[in-house]
Amino acid sequence: MRVVVTINMVGLNAYRRDTFQHPTLGLAVVLALVAWTAAAIWLYHDRARRTSLLLVADLAIAVAAMALTPLVKTPDFNATIPGFWVMGALLAWAIHWHWKGGLVAAIALSVTDLLPRSDLDQGNYGNVFLVLIGGPIVGYMCESLQRMARERDAAERAAAAAEERTRLARAVHDGVLQVLTMTQRRGAAAGGEWADLGRLAGEQERSLRSLIRQQDTLPTAAEGRVDLAGALEAMATAHPVRVDVATPGGALLVDAHVATETVAAVRACLDNVLAHVGPEASAWVLAQAAPDAITISVRDDGPGIASGRLEQAEAEGRLGVVSSIRGRIEELGGTATMESGSWGTEWELTVPLA
Amino acid sequence: MVRVMVVDDHPMWRDAVERDLQAAGHDVVAVASNGREAMARFPASAPQVVVLDLQLPDNTGVQVTSMMLEHDPTARVLILSASGEQGDVLEAIKAGATGYLVKSASSAELVDAVTRVAEGEAVFTPGLAGLVLGEFRRIADGPPDDPRDQLTERETEILKMVATGMSYKQIASRLVLSHRTVQNHVQNTLRKLQMNNRVQLTRWAIEHGLDTEGE
């Protein structure tokens with residue numbers, strides 16, 4: 001940019017050389033400015049050389065070149081010798097000292113420009129006005145850009161660190177899972193007290209595994225929406241019945257209210273399993289997601305419900321759990337159906353997504 | 001007797017699996033503790049079934065799966081993983097693995113899985129069935145001109161039952177089908193998944209101009 005304004009400066013001064021009262025002095029000033037431009041480009045190139053002294057010198061030379069104008073040209077000159085060349089120093093100040101630097105440099109240049117002029121026309125006023133506005137604005141923008149770059153760097157570093165932590169955690173978790181699983185297997189083979197220890201290890205293994213899965217989907221949760229798959233995992237892990245949760249992979253984002261009610265309904269299904277089949281029962285939860293609805297299947301390996309028993313219970317008004325499941329799902333505009341057979345009992349809960 | 005290779009980076013675990021398999025009368029022809037070793041020992045030992053831990057230190061589980069099957073398409077890969085159903089399990093199955101088992105499965109379950117996988121039978125956990133259902137759901141909800149195969153209603157129904165922990169026997173009796181038919185349906189879902197993966201890879205290659213290789 002300095003090169004462009006320098007060429008512009010040299011060209012304009014050559015074109016207007018007849019307005020010079022002292023052409024030799026004028027030529028010297030122009031040459032000095034060209035030399036300083038070359039020096040400045042080299043000096044500014046290295047961050048270490050970009051000192052306050054350099055910036056002050058840069059502005060001083062620009063001011064000096066402007067101040068010399070009345071001596072070189074007539075006192076009622078039209079354009080200063082450096083003209084737009086002063087832009088270089090102005091922008092350097094704005095970049096280095098932000099809006100304050102831009103403002104100071106702009107004032108210094110404007111005052112130097114205005115003081116020796118005998119009359120102020122529209123053009124002079126426009127230039128000064130632009131310089132005064134432009135300096136601080138460029139400075140302010142530089143500051144924002146530099147701050148944004150810093151923030152971006154910090155965010156990138158934080159993300160890299162988090163990723164590294166996740167990777168390490170994965171390795172550690174994997175090792176812990178292996179040992180827990182091994183304890184579970186060996187314990188079961190050894191029998192007796194060891195079998196109890198193995199069972200405990202198995203429980204821990206399942207909790208850790210579900211925790212890892214929940215964490216994997218955590219960052220995708222957005223405002224007001226929660227991950228239903230993770231919520232189901234968390235609930236199932238804490239439930240006394242042994243539950244296997246199958247999800248479509250990734251987060252299942254639904255409104256917080258829908259998630260709360262659906263999880264509560266699934267919990268009621270599992271409570272039902274605990275009450276009717278017992279703590280030794282196994283249950284499976286499958287979550288599926290279509291664009292317009294989610295479907296949750298809950299199955300247990302119990303003996304099933306004999307046909308007619310539900311109707312009988314309903315008639316006797318003993319349908320607390322069942323109505324709680326149906327009630328919650330129908331409140332969400334969905335349907336809850338139940339099937340039972342020798343393979344156990346299965347609830348299918350379908351909830352529309354608005 | 002099945003010729004088995006065990007790939008796992010935990011020596012304790014590898015030994016246990018080896019012992020279980022030998023006790024059941026299988027022949028453990030090779031072991032390896034990472035992807036590089038596995039690839040080096042695979043051709044000479046020519047196992048029928050590879051029991052593979054996906055969490056290898058060099059992170060090459062999925063790659064090892066596809067390289068082995070490229071080298072010997074008759075080999076079967078059974079994924080054994082501690083970390084549960086993750087995305088990479090689905091990737092390994094798409095790359096051609098025939099079965100998947102969590103490490104908490106009992107010795108009997110492991111031996112049974114190896115035998116079934118050796119016969120080419122698909123071995124699924126409920127978690128994996130859920131992931132596969134999710135994968136086909138995403139295809140079904142995608143653009144209508146997708147050339148990838150979708151599941152039939154029956155296949156979806158059966159996979160749903162697998163995902164809720166039902167055995168083939170239970171599914172067969174619930175749907176009044178033969179055990180063999182249920183098995184075939186599950187097998188088909190796996191075949192479609194792997195076929196779709198190839199279609200996708202080919203499409204990707206064409207879009208990126210990689211199909212002109214060798215011209």
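Note that Cβ sites are derived from N, Cα and C of the backbone, with glycine treated the same way.
Any TrEMBL annotation is an automated prediction that lacks curation.
Residues or ranges marked as domain 'Response regulatory' in TrEMBL: B:3-118.
Here TrEMBL flags B:D53 as 4-aspartylphosphate. There are 24 other CB atoms within 10 A of the CB of B:D53 (4-aspartylphosphate), with all protein chains counted. The DSSP secondary structure for B:D53 (4-aspartylphosphate) is strand.
Across the domain 'HTH luxR-type' (B:144-209), mean pLDDT in this model comes to 87. Among the features that TrEMBL reports, domain 'HTH luxR-type' is placed at B:144-209.
For the domain 'Response regulatory' (B:3-118), the number of residues in each DSSP class (helix H, G, I; strand E, B; coil) is 55 helix, 26 strand, 35 coil.
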